[in-house]
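Taken straight from Swiss-Prot:
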type: SIGNAL; residues: 1-24; note: signal peptide
type: TOPO_DOM; residues: 25-410; note: topological domain 'Virion surface'
type: REGION; residues: 66-91; note: region 'Interaction with gI'
type: REGION; residues: 168-203; note: region 'Disordered'
type: DISULFID; residues: 262-288; note: disulfide bond
type: DISULFID; residues: 271-280; note: disulfide bond
type: DISULFID; residues: 305-314; note: disulfide bond
type: REGION; residues: 378-404; note: region 'Disordered'
type: TOPO_DOM; residues: 432-539; note: topological domain 'Intravirion'
type: MOTIF; residues: 452-455; note: motif 'Internalization motif'
type: REGION; residues: 466-497; note: region 'Disordered'
type: REGION; residues: 468-480; note: region 'Acidic'
type: REGION; residues: 517-539; note: region 'Disordered'
type: COMPBIAS; residues: 520-531; note: compositional bias 'Basic and acidic residues'
C-alpha cells in the first residue's frame, strides 16, 4: 500500500474508533455462523432526500482472546439499562478497517452505491445485496465485533450498528443424509448446520456501576510554548453519580521537575493509589520518576454535590500556591501560565478525588521545544532503592550490645553492694569511736580520788537490826581495821572510805604496819581483771 493510502487508512481507523465512542444511537445483535457461510451483517440505511451524502465505515474488532461473549445488562445511566456485552480492553486486538465510503446515487436511485475503500477497491469478501451488507465465505478469523457507523452531515452525528459474530468450524455432514434445514433469521442470516445457542441467552447480572460516582477525565499530554507566552491546560472532568448520596470532589494539580539529564519521565500509576509503598517513596530511577508528591500546587474543591446538583453547580472553593504567573483559567479546573518561562515548565499531573479516593487522573508536559521530555505511564510499581548505609562496617562494635534489662540488673547489684559497704564502714566507725572514748575516759581517771577498797566488817544497816541497841559489836575492834584507816562509823552504810594514798596497799604508809595482809605478786593475776588494769572508780 502506498504511503498516502496508509495515512488515509490510519485516519479512517482513528475516525472509526472515535465514532464508536461518540455514537448517538447504538444497536447490538448477536449472530452465529459456520465457516464458509454467507452472513448478512447490516441493513444499510436509506438515504435522506436532499441530504448530503453520508459517510459509512465498516470495521472489525477481533476478540479471539476474549473468550466466549454473551449479552449482559449494562447500566449506562441508572436506572436505565441496555442489553450489551462487557469486554475487557486488554483482550481486544487492534481494529481492522474493512471498508469506508460516501453514499452516491446511480440514476436517482435511493439505494446507496458504496464507494469501497480509500483506493476504490471493494473488499474481497464483502458485498452489498439489496441494501444489505453481506460477508461471504465466513471464516473463524471473522469472529469479533463488526461495527457499521453512518455519519450524517452537517453535525456528523453517527448511528452505530454492532454485530457480535461467532464463526465456528463447520462439522462434516453425515454421509447419505440430508443436512438440517437452515432458518433465515434477522434478514436471512444463515445458521450453522448444528443447533446454535439462542441469539439472546439469559443475561447475566449487572456488571456496571450502580452506586457511587464515575469520573471521566480528558486532557492533552503536551503543551509547547515560547518564553513569554501565556498558555493554559485543557482538562475536562465529567463526574456521573449513580445514586443520590452526596459526595465531595477535589481536583488536585501537582508538578514534577523534569531534569535535563532524564531522557523521559516515568509516571507510576500504582503510586497514585498507594503512595505509602516503600518503592514509591524510594524509586530506583529517581529523579526521573513521578511517584509521590509532597505538596499540592493547586486544589479546587466541590461539595457537597449530588446527582441532581453535580459540579460545577455545587458549592466550590479553591486554593493555589503563590507563584509568579500561575493562576486559574477562569472558573474551571484548568491552570494558566502567564509570561511562561523555562522555569514554569515541568510535568503537571491532575488527580481527581471523590470522598478522598482517587477516581481519575491525567498528565500534561508543559515545556519549551528544546527542553521537552516525553512522559511514559507505567502500570507496575517502580523498583525499590534501599537507603544508603551511613556507618561503615569497621565503625560498628564487634560484640553484641548488652540488653537493657541486664544492664539495669547490673546497676542494681552494684548499687546494693556499695550501699552495704557504706553501712558496714559506718558501723565500724561508730564502734571504733565508742571504744576510743571509753579508753580515753579510763586514762584520765584521778588516782587521788576516794575509792572503795573493801566491804565493811559490820553488818550492813546494822542500826536497823535487833542488835541496834548495842553501841559496839564484837567485830568492831581496832585490830580489824587496815592500817591508816579511820574507824568505821557507828551508824552508816558499813563501808570504809579510804583516801587515795591510804587505799593503796602497796603504799609506804600501809607497809609501816606489820600486820597488813597482802596478796602475793604471783597470785594477783587470779584476782585482777586483765582487761581492767585500774581499780574501779567511784560509783
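FYI, residue positions are counted from 1 along the chain as it appears here.
Every residue gets a Cβ built from N, Cα and C, even glycine.
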Subject >> Long-range Cβ environment of residue 305 (disulfide bond), under 8 Å and at least 6 residues apart >> reply: 239, 241, 246, 247, 248, 249, 311, 313, 314
**OP:** Identify, in sequence order, the residues in the chain of residue 280 (disulfide bond) that are 6 or more apart from it along the sequence and have a CB within less than 8 Å of its CB; answer 'none' if there are none.
**Re:** 268, 270, 271, 274, 291, 292, 381, 382
Original post:
Here are some disulfide-bonded residues: 271, 288, 314. Which one has the most Cβ atoms within 10 Å of its Cβ?
Top reply: 271
Original post:
Does residue 262 (disulfide bond) have same-chain partners at least 6 apart in sequence with Cβ under 8 Å from its own Cβ, and which are they?
Top reply: 287, 288, 373
**OP:** Sort residue 271 (disulfide bond) into helix, strand or coil using the DSSP assignment.
**Re:** helix
**OP:** In three-state terms from DSSP, label residue 280 (disulfide bond) for me.
**Re:** helix
